[in-house]
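Engineer: I have a structure I would like to understand better, so I am pasting it below and will then ask my questions one at a time.
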Amino acid sequence: MPLSLGAEMWGPAAWLLLLLLLASFTGQRLAGELETSDLVTVVLGQDAKLPCFYRGDPGEQVEHVAWARVDAGEGGRELALLNSKYGLHVSSAYEGRVEQPPPPRNPLDGAVLLRNAVHADEGEYECRVSTFPAGSFQARLRLRVLVPPLPSLNPGPPLEEGQGLTLAASCTAEGSPAPSVTWDTEVKGTASHRSFTHSRSAAVTSEFHLVPSRSMNGQPLTCVVSHPGLLQDQRITHILQVAFLAEASVRGLEDRKLWQVGREGAMLKCLSEGQPPPSYNWTRLDGPLPSGVRAEGDTLGFPTLTPEHSGTYVCRVSNALSSRDSQVVVDVLDPEDAPGKQVDLVSASVVVVGVIAALLFCLLVVVVVLMSRYHRRKAQQMTQKYEEELTLTRENSIRRLHSHHSDPRNQPEESVGLRAEGHPDSLKDNSSCSVMSEEPEGRSYSTLTTVREIETQTELPSPGPGRAEEEEDRDEGIKQAMNHFVQENGTLRAKPTGNGIYINGRGHLV
């Protein structure tokens, strides 16, 4: 009776409590496991889903799921309780922020949604699941709340051409975790970084320094911020403004035909550039601007030109940084004195000198060629004449010799005949012989010597082998004849005798 009464007093809750106590005392899990994530990441302001799914044997039931925040060093704070019979119960601290996932729902799924996550929600959470009849299970996860940065770009001080290294801009971004800040630009410069860490976030500041120049004016300087909480990098662009003023120059005098008396539409234009944009002012050195001349910004327009418009005009370019001047001399000419009709003496002189130099060079070449041809022709003529005279002299000498050899009796007493070597009537001597004639029309020594040379150069037939005996007799006759002559000063003279002529049967010797 008491036992039955006690059994009737125990309800399902008592039996469940008993099973939990038995499971806790034994320290063993009967069956099943919890599936969750070690880390859940959510961007600030978005909903975070805290997963907790019980995977057990068929027939097991999840009675209730309890969520609590269990940060290190702090006690557990109840978040919510899900009961299979009574539904969801949320603690007052998270009222309106914790919900169940939208249907359909699995009875074994104990996940909850944390709406509109804030950075304070970052921490560690525990899921405790009570099942029947397996008992209770628990698992932990960490919630990470990403705080995307909101970058800001601050321009540096005004940039001026000629400055040294100057701050162009700084870019700051704060988030959790610390963001990455870089620069995207074609401008040459250097970047420096500084970071500051707070309790729940970190700030990064990057500065970009450069040396200003006019080429940088108008160039983009972009700050690029990267962060895990951003779907794509954030970019902030700053356009550089570098103050400068370029040199001034005046154009309009290139076509001199426009600057003649009576012409219209003549104008001068002042060229310059700067930042900020410059202003233009036209003046005239030798007085005020002539009447009718109008200045409109960088342009100075002239009416119908007259000689009074001649003068020196000055264009002054100014901006907040500096000012520049440029001047030109305007000379309005009469049509008769237009540059197109004037003779450029310098150019003409250069052309004349060039033409004269070319003509002289050509003349020099012609003279050299003609002189060369003349000397060549002269040399040929002299050579030909010399050969003709030499041939004629040889022919005369040979003809004379032939006439003497053909008839010795016809030779005049005044002449002296010299025979070539090898002739039976000649005198043979290794030295040159000279014969002086005593007749009034006798020949000189030089003439006889020349004849001797010519005769010697004349080729005569050499004696053959059959005339050897004649050669010996001739030599003997010469030896006998030499007994009657004496040699003085290179001349043969007859020895004093009663008869000055020696007659040999083989020939006549003088």
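Cβ atoms here come from the backbone N, Cα and C positions, even for glycine.
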Engineer: Would you mind telling me which one of ASN281, ASN430 Swiss-Prot calls N-linked glycosylation site?
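Structural biologist: Swiss-Prot records N-linked glycosylation site at ASN281.
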Engineer: If you pull up Swiss-Prot, which of CYS52, CYS223 shows a disulphide to CYS127?
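Structural biologist: Answer per the record: CYS52.
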Engineer: Just to be sure I understand the packing, how many Cβ atoms besides its own are within 10 Å of the Cβ of CYS315 (disulfide bond)?
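Structural biologist: Taking every protein chain into account, the count is 25.
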Engineer: Among the recorded positions listed here (CYS52, CYS171, CYS223, ASN281), which has the Cα closest to the Cα of CYS270 (disulfide bond)?
Structural biologist: ASN281
Engineer: At a 10 Å cut-off from the C-beta of ASN281 (N-linked glycosylation site), count the other C-beta atoms across all protein chains.
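Structural biologist: Taking all protein chains shown, ASN281 (N-linked glycosylation site) has 14 Cβ neighbours within 10 Å.
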Engineer: What is the average pLDDT across the topological domain 'Cytoplasmic' (371-510)?
Structural biologist: 57
Engineer: Would you kindly give the Cα-Cα distance separating ASN281 (N-linked glycosylation site) and CYS223 (disulfide bond), rounded to the nearest Å?
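Structural biologist: Computed Cα spacing between CYS223 (disulfide bond) and ASN281 (N-linked glycosylation site) is 41 Å.
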Engineer: Compare the Cα of CYS127 (disulfide bond) against each of the recorded positions CYS171, ASN281, CYS315 and report the nearest.
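Structural biologist: It is CYS171, whose Cα lies nearest.
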Engineer: Spatially, which candidate from the disulfide-bonded residues CYS52, CYS171, CYS315 is nearest to ASN281 (N-linked glycosylation site), comparing Cα atoms?
Structural biologist: CYS315
